[in-house]
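The feature compositional bias 'Pro residues' is assigned by TrEMBL to 1-10. TrEMBL lists 1-50 with the feature region 'Disordered'. Residues annotated as compositional bias 'Low complexity' in TrEMBL: 11-29, 37-50. Annotation source TrEMBL lists transmembrane segment at 57-76, 117-135, 147-168, 297-317, 323-340. Taken from TrEMBL, the feature active site applies to His221, His317.
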Amino acid sequence: MDSPQPPPPSSSSSGPSRRHLPPSSLTPSKTVHISSTTTTRTAPPRNNPLLPTPTELALLSVYPILLIFGTLFAVLSPDVTASTYDPLIQSHDQGSLAPSYFARKNNLFNVLFVKRGWGWITFSFFLFVFTHPALKTTAQKSRATIRWAVVTAWWVFVTQWFFGPAMIDRGFRFTGGKCQVKMAEIAEADAGDIGIKEVFTAAACKSAGGRWSGGHDISGHVFLLVLGSCFLLQEVGWVVGRWVRYVEEERTVVMADGAVKGAMVEFDRAERYQQEQQEESVRGKTVMEALGHGGKVAVAVVGLCAWMLLMTAIYFHTWFEKLTGLLVALTALYVTYVLPRWVPALRGIIGLPGI
């Protein structure tokens, strides 16, 4: 009697289970690789500490956009092109033929706001610093005040005084500018005195009835409006944005040992815990609610700065004067808000907004 035969191999397409075969019976082409699917979360790429963050770059781009739009509008608008432009007063006709109310230097926004611009900027800044609940520690308020002092010093040096005439006046004279006064007044000047064109600042020239002529005059309006508004955006934006977690991106800083880390690493652990507790209490608030009274005033000042910057771009100064005003303002902003991120010693003195 025949012994029973083992059952034939299954005809299933999957074939016999390979885990029961000895490894020696498997050819390289039959080797089984078993892998498990895993989800790996990668952290977002760090921002370059030498450059502004993407959000900062987006906000900064608004300034050249306003200036370019204003310049093109001035070129294409029939009312503006029909108005006579006087290079000595750096504006269009100031009489009844002025192309717009905002083209007149005596408009109320220019007289009451721009001419006193740094006073408005300073007022709104300190109102925010000393009333907003996110700025609780003395260290935070002190470093914010130091940053204000740095930016204010730059404003003074450029527009008011720089160990004598302001940088704007020095630049004008360096590029060949002089004060034009009446010939009779020049004839009456003492022959032994230094030439009028070498001793007059813009203010002194104007008070003597003269006019600046011949040199390059940096646009003081563009400089002030860009510097002041971006200063407030940095100080208010980072504090409120971090407080209510509307700003998720993080600035990066270079540590003393050369390591590149997120800026929050320098936040004191106890202070960070307090801030997280505050963030939980304000979660769900709108931006306007989170700004507080001081922040709302600052936003209003920034809005006026943007509007008057556009009016300046349309009706005042040449494109090159506006460009240099923008560049001089951006220089101070970079030194105050970006340079400390990769210079630990400087960051230890002036800190970063919101930290």
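The backbone N, Cα and C atoms fix where each Cβ goes, glycine too.
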His317 (active site) and His221 (active site), Cα-Cα, nearest whole angstrom: 9
Contact call for the transmembrane segment (323-340) and the transmembrane segment (147-168): at least 3 Cβ pairs under 8 Å, seq gap 6+: yes
Which of 57-76, 117-135, 147-168 contacts the transmembrane segment (297-317) most, counting Cβ pairs under 8 Å: 57-76
Cβ-Cβ neighbours of His221 (active site) (radius 10 Å): 23
